[in-house]
Amino acid sequence: MTDVCLLNLAIADLLFVFSLPFLAHYARDQWVFGDPMCRIILGSYNIGFYSGIFFITLMSVDRYLAIVHAVYALKARTATHGMIASVVIWIAGFLSSFPEIIKNKVSINGNKSICNPLYVDDDNEFFMAFRVLKMNILGLVLPLGVMVFCYSMIVRRLLTSKSPKKHAIRLVFMVVMVFFVCWTPYNIACFFRGLEILEVYSFCETSKSINLSLQITEAIAYLHSCLNPFIYVFVGQKFKKHISRLITSLPCVNCKILKTHLNSATGSVYSQYSLSTSIAEQSTAI
């Protein structure tokens, strides 16, 4: 199931990253790619954004089941269940992109072309504020809550186990902190933009500060997609095995040293502890 989640997380991240060069050009100037590309790019951005975060949340639940409920996980964590869960998450990511995904259009503002969701004038402020609130809840509050619960239970289990656990606890802490540090500032800036849209306050200097903070925190949030491979794949035992085989097939002097380092390095939380916990729980059950 973990491999299925990793594959789909990679696809979601690629879908999200695919939109960034177009949005970077748009931020610098104006939208020049036409109306169909406006719909495709913003649709890819929204679906990739929500699906990626949902898959990260699913992986937290997957690791929680593998370590805390290892006996039950033997039945639940199958490739079939992983594919079913992935389909559900893609549907959830698609639905979370509404109504923006059907409202994205090119319009003219002054002498510039803009690509944004367009609503009826009477509903414009409501839907813009709704979009911010939806992103805060679905993109930060709920996923972070699930991650904190799952990983706190994992740490609790690791602390009571006899296996070495310092690296695993550090990795758990890193997963939660990287998500928190990358996405929380951006969500806070968006929340204040939502308050501005609702005219809770309207000061010129404050608006400029929010615009600047959105640009900075958005770049930090996008960095999370680049960090996902390091957090969820590169630290795993499977990845290190394949890299070790690849390196040993190369005619280089330092291959043996690098292979020794890779073999001695500790694996991920899932790969190192799910098996030992599973065996311990099965023996207890017997």
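Even glycines carry a Cβ here, placed using N, Cα and C.
Note that this is a predicted model, so its numbers are computed, not measured.
As written in TrEMBL, here are the features:
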DOMAIN    1-232  domain 'G-protein coupled receptors family 1 profile'
TRANSMEM  7-27  transmembrane segment
TRANSMEM  47-66  transmembrane segment
TRANSMEM  78-98  transmembrane segment
TRANSMEM  137-159  transmembrane segment
TRANSMEM  171-194  transmembrane segment
TRANSMEM  214-235  transmembrane segment
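Contact between the transmembrane segment (137-159) and the transmembrane segment (47-66) holds: at least three of their C-beta pairs are under 8 Å, each pair 6 or more apart in sequence. Summarising model confidence by region, the domain 'G-protein coupled receptors family 1 profile' (1-232) averages a pLDDT of 85. Counting residues 6+ beyond its ends, the transmembrane segment (7-27) has Cβ neighbours under 8 Å at 33, 37, 41-42, 44-45, 47-49, 51-52, 55-56, 59, 86, 89-90, 93, 115, 215, 222, 225-226, 228-229, 232 in the same chain.
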